[in-house]
2 protein chains.
Amino acid sequence: MDEVKVIELIKKTLKFSNENIVKGIDDDCAVIKIDENFYLVATTDMMVKKAHIPSILTPYEIGGRILTANVSDIASMGAKPLAFLVSISLSKEEANEKFIKELYSGLDDFSKLYNCPVVGGDTNKGDELVLSGTAFGITDNPIYRKGEVGDDICVTNDLGRVYCALALYYMLKENKISHSEFEKLCQKYPKIIEKLRKPIARVKEGLLMNKLINGCCDISDGLGKEITYFKNFEIYSDKIFKLIPDDVIEFCEEFNLNPIKVVLNSGEEFELLFTTSKFNKVKDSLKGYSKIYKIGKIIEEGQFIDGEEFYGGGYIHKW
Amino acid sequence: MDEVKVIELIKKTLKFSNENIVKGIDDDCAVIKIDENFYLVATTDMMVKKAHIPSILTPYEIGGRILTANVSDIASMGAKPLAFLVSISLSKEEANEKFIKELYSGLDDFSKLYNCPVVGGDTNKGDELVLSGTAFGITDNPIYRKGEVGDDICVTNDLGRVYCALALYYMLKENKISHSEFEKLCQKYPKIIEKLRKPIARVKEGLLMNKLINGCCDISDGLGKEITYFKNFEIYSDKIFKLIPDDVIEFCEEFNLNPIKVVLNSGEEFELLFTTSKFNKVKDSLKGYSKIYKIGKIIEEGQFIDGEEFYGGGYIHKW
């Protein structure tokens, strides 16, 4: 079984809903209507040690990461984060003062950054480290994964660094490079490693552009997967190329990688992918926070890259 | 390290809060103020296979249980459940259609029972089954773990069956009884097994008595632990005795257990423990839903059982 089949099965099995639920499983957040001007948005994201947590991350970074991954979904709805809950299953390896203190310091610092306090949790004993976070937010205008024909499709800041950082990590893990070579490469590509260690959710950006965009999602599984949520689109590799930073280009040359494929498969970037008919207004509103780049348009029918059928990308769990 | 130390350390490390947070980690739910008449309550509860899930439970029952454990915290705040999110880490053993379908059928049926739809989740691959649920609800009057001097301390329905059911389960697991003996004992004590398999959160009760009580918590870790949240109290074993059902008394006689100790240590009962100065009004309001029993009073100072210092009870994780 793979993740796609599991999720399909879950969606088929879960039948009950009620009049409060505006959006269930099919977006970055669930949306619950409280009244005409007030929607609660909620999301959950789980990190399991072997599958999600590169061993080079410090406990502090793990704490920041679980909060960022969840808050990023709130940001992508254009909502204001309210609070965060985190449950943890600790194995013997992590059940010590140093690990716990560092992990929760990371959580505390990032909760301050996003003005999203950690208000609760549950602690457990288990075979491996598992962190499960849930973030809530509020908005009067939840933004879904959609766009109108003719809308520009845009991305904040840049993409590609996380893929490169993970490529480096796997070279180390699979003994293709030594520890000292790894360290040297980290020094050569500091921003690449930084984006893996300390990704940032685009909360301010989501709030600032809420009334100017038609749709949005965050890039957690890679542009190649996220773009397909917008159903009908054409994107262009020369435009995508513009959001690849120089260090990623250099890294791709050094390690013989295709930079467009790198961008399409770079997950946990937490940049926002959005649709708008007001590109210039969005650009102005984000001044001082994030740059934005057009990568294509919403069209009537079909999925294309450079005029050819789109081949997709992104990460899927398999058992 | 034990759970108490871990939680202390976490509380000390998490410093950031803001003006919206009325209650953080110290109650059944976190409470977030939205406006004067609207408080969001939220809770999370994680189940790790080895530590929390008796192997006699079916996937359907596991699904019902994770929802009930979370919704019970909402009930204990006197709040109305809004929605539920559940993240899951599946090992190879559970990553099959039958398991997933049954688990989520349990979730679906119990979500209907509590009018609390499952609106989202995350699926992952891991070494062991971990389920992490988050429930949230709304109320105009959140009920905390407290009481006023002179208040009656009361419990809904009955206590003790879950402890007995787990005792039976451990007899089987440790080969003290055979499978056929276990089956016979299950037939002899059907309600004992039933309360382990299908516990019910007292949502209606929490809502009905919201304006009539001063404090409340749900019994998830055993009366002996939960009662200490009320700080100063005297309880009486002859009164506690009245909420022990006949089958528990019979079971205790058969297996030489002290029924009061059984009640104090019986966790995941999901009955409500509350304080009130209006016992009769609460009793009337719950007619047709739950019976209630007085077990003691809130006093000025100290913790007593039968006039002697209280010795406590309940379950604590250790690593």
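Keep in mind that glycine also has a Cβ here, set from the backbone N, Cα and C atoms.
Automated prediction, rather than curation, is the source of TrEMBL annotations.
A 10 Å cutoff on Cβ-Cβ distances gives A:Asp218 (Mg(2+) 3 binding site) a total of 28 other Cβ atoms nearby, all chains included. DSSP gives A:Asp218 (Mg(2+) 3 binding site) a strand state. Taken from TrEMBL, the feature Mg(2+) 3 binding site applies to A:Asp28, A:Asp73, A:Asp218.
Under the three-state DSSP scheme, A:Asp28 (Mg(2+) 3 binding site) falls in the coil class. Positions annotated as Mg(2+) 4 binding site by TrEMBL: A:Asp28, A:Thr43, A:Asp73.
Annotated Mg(2+) 1 binding site per TrEMBL: A:Thr44, A:Asp45, A:Asp122, in sequence order. Note: A:Asp122 (Mg(2+) 1 binding site) has non-local neighbours A:Ser87, A:Ile88, i.e. same-chain residues 6+ apart with C-beta under 8 A of its own C-beta.
Summarising the annotation, TrEMBL assigns Mg(2+) 2 binding site to A:Asp45, A:Asp73. Sequence-distant contacts (6 or more apart, same chain, Cβ under 8 Å) of A:Asp73 (Mg(2+) 3 binding site) comprise A:Asp28, A:Cys29, A:Val41, A:Thr43, A:Asp45, A:Ala135, A:Asp218, A:Ser220. Classification of A:Asp73 (Mg(2+) 3 binding site) by DSSP places it within a helix.
Under the DSSP three-state reduction, A:His52 (substrate binding site) is assigned to helix. As annotated by TrEMBL, substrate binding site applies to A:His52, A:Glu268, A:Tyr315.
Under the heading ATP binding site, TrEMBL lists A:Tyr104, A:Gly121, A:Asp122, A:Arg145, A:Ser220. DSSP assigns A:Gly121 (ATP binding site) to a strand.
Look at TrEMBL and you will find A:Asp221 tagged as Mg(2+) 5 binding site. The Cβ of A:Asp221 (Mg(2+) 5 binding site) has 20 neighbouring Cβ atoms from other residues within 10 Å, across all protein chains displayed.
As annotated by TrEMBL, domain 'PurM-like N-terminal' applies to A:27-138.
Ranking the binding-site residues A:Gly121, A:Arg145, A:Asp221 by Cα distance from A:His52 (substrate binding site) puts A:Asp221 first. The Cβ of A:Tyr104 (ATP binding site) has A:Gly63, A:Val118 as same-chain neighbours under 8 Å, each 6 or more residues away in sequence. Between the CA atoms of A:Asp221 (Mg(2+) 5 binding site) and A:Glu268 (substrate binding site) there is a gap of 6 Å. When other Cβ atoms within 10 Å of the Cβ of A:Thr43 (Mg(2+) 4 binding site) are tallied across all protein chains shown, the result is 29. Separating the Cα atoms of A:Glu268 (substrate binding site) and A:Gly121 (ATP binding site) is a whole-number distance of 23 Å. Cα-Cα distance from A:Arg145 (ATP binding site) to A:Thr44 (Mg(2+) 1 binding site): 17 Å (rounded to the nearest whole number). In sequence order, A:Gly121, A:Asp122 are the binding-site residues among A:Gly121, A:Asp122, A:Ser220 whose C-beta falls under 8 Å from a C-beta of chain B. For A:Asp28 (Mg(2+) 3 binding site), the count of additional Cβ atoms within 10 Å of its Cβ stands at 27 [all protein chains shown].
A:Thr44 (Mg(2+) 1 binding site) sits 13 Å from A:Gly121 (ATP binding site), taking the CA atoms of both as reference points.
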